[in-house]
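For reference, TrEMBL has these:
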{"type": "ACT_SITE", "residues": "B:192", "note": "active site, nucleophile"}
{"type": "BINDING", "residues": "B:155, B:181, B:192, B:279, B:403, B:408", "note": "substrate binding site"}
């Protein structure tokens, strides 16, 4: 199951970035499971990574290589089918080995290659299979490779996810293209499972990092499928500089502001696409909490609702069981919450106020609202000016089936 | 589904406490859904209640009446089929109305009657149906009514839960009997959904409150079915004084120590019984975290594992997917966790150490361990002397079915 349109929009090339997607046979023979991206000389690249203490070997190596290359890596190597996580020192050695092999093939330093892995945790990375597929990956690099790469990075996802935004700033044209993957173990903390966003603008690393951090904060860090933070979350933003502008480092410049909007739009659409393709998802749910005393308490309420198995199974059943919503709000840990001031809306219908069912509410209204594929749960705390939204999916038989059968 | 023995053990009468269980037809015609308990004059009663900000009307009224009666209520009135939660001011009035009606029938003050409700949230309490059944409830009071009451308080539970412990202290015989209900919306915070424990010892309210608080801390507050804290959690401990001892108020006396052990045993068995009967449960899982720097961080790790949908679906599938356990440990928020020191065991089998799979571990060992109905997940953080255990169940198709169909 998945929610909404499953067509990948046209993905525009980003001059200076070439991609190839080939088969290494890591988990499924014949599956195109290896993606190589080449960043033209002079490109800058920044990343945000999982906050999970058990971060995977490729995350550790990618962070080290980003630093060693002064944010100027030349290649990004991604495999699916194996996460190279929970693999200890030998996992680190395997990730480094793959980077060194690519580096030799294309004549750069090993630290200019960043590794990314996604798939089963705890199995040794099949290094030989990956090495055997590298020559074909190098040969097939093309600027038109985004759509194939969007397919190549998937695991339990049912559809590719990507978006391009183009804009003009001070007479010059720019493009931002991004792809992402992820459907389960999704409650990113600083990044999604895997996300790659690139622009042809020339942007200094400091500004680039700020643009990525600001965008992930309100996109990938606001979605949850199951509350489980992955060991492999990684999201990178590349600036190739091929648009021809002078290197931009001023966060308040017209280009920085235009780029901020474009990167945020790409990240929000990709983050929502993760949820629409959430494992077993039949609903796309926005939880919007407003009138809170702080953004933090709004997020606490929103994520408590988004993670509640009782709320998620009621959403699956299209059951307007608003008592479960009140119960989730009540256990979210908001200090001194006055429940009599809380208002609750489902797709615009006032459900509860003053701590109980609204006088105007009828069960028919709730049933009609919950029958929609896209649901907005709006909570008004009526105690301040802060607000925050998160996006989530429901909890279905298919979620259990997918995760009970994943390794078999 | 449910895990383990489903036979209710023999429940011993507690002299001074009479019970009756009758049908009020609140949700299902003919179902015995109303339980009245009578505490003999001179009994003391204390309670612990939900920490959910949306606490139900009966919780609010029970707390007020406990205080007003100086911990000497005469009657406890429990209905199932309707939680009287999310019902605002009229819910409070309804709960008070029922108490006053019982009080008139038995000639006590209304504040000597404590109300308890469990069932659907957000529906008005059918006060007239309850009142109509009160006369029969008063007529049928008996000291042998524990087993019927254990049935009468159930909702989605598939089996009654109870235990009696008797002991001798300084030549005098005592008994502790308890019953509880709850299978979903279970992550108690200060009490289970509903629990009633009674002893014939004479115990002063201060000591009685301490005995209950100490017991719930390591029993009902250590279980989770789905992480959802109920609006109606309530657990009471009654001391009738009919054993004939002098009123005990010294926490270090032989009787207090013997009573502490007996109350804890009853509470732990009842708490584990909630999990064994967890909605859709096919596994009973103990998550034991040891060698932590603090009890708090051990509990954080244990509950993060216990609440992870990915861990719970793997348990349902009997899949030794230990990568999900490492991922859960890694996102539990333990400060400066050194993952290379973490050890992980499944039913005694060493699965992972040094941040990766143990050299001695084979998939066959994991499959054998996970095939058991009772699973112990043991995590060693190897950074201190603290430890904590919690109990939980797995996440099955039946959990989704039960909670998707609950109101239909």
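Just so you know, glycine gets a Cβ as well, placed from its N, Cα and C.
On the structure: features taken from TrEMBL.
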residue	record	DSSP class
B:155	substrate binding site	coil
B:181	substrate binding site	strand
B:279	substrate binding site	coil
B:403	substrate binding site	helix
**Item:** Chain A, Cβ under 8 Å: which of the binding-site residues B:155, B:181, B:279, B:403 qualify
**Value:** B:403
**Request:** Please report the number of other Cβ atoms within 10 Å of the Cβ of residue B:155 (substrate binding site).
**Result:** 20
**Item:** Cβ neighbour count within 10 Å of residue B:279 (substrate binding site)
**Value:** 29
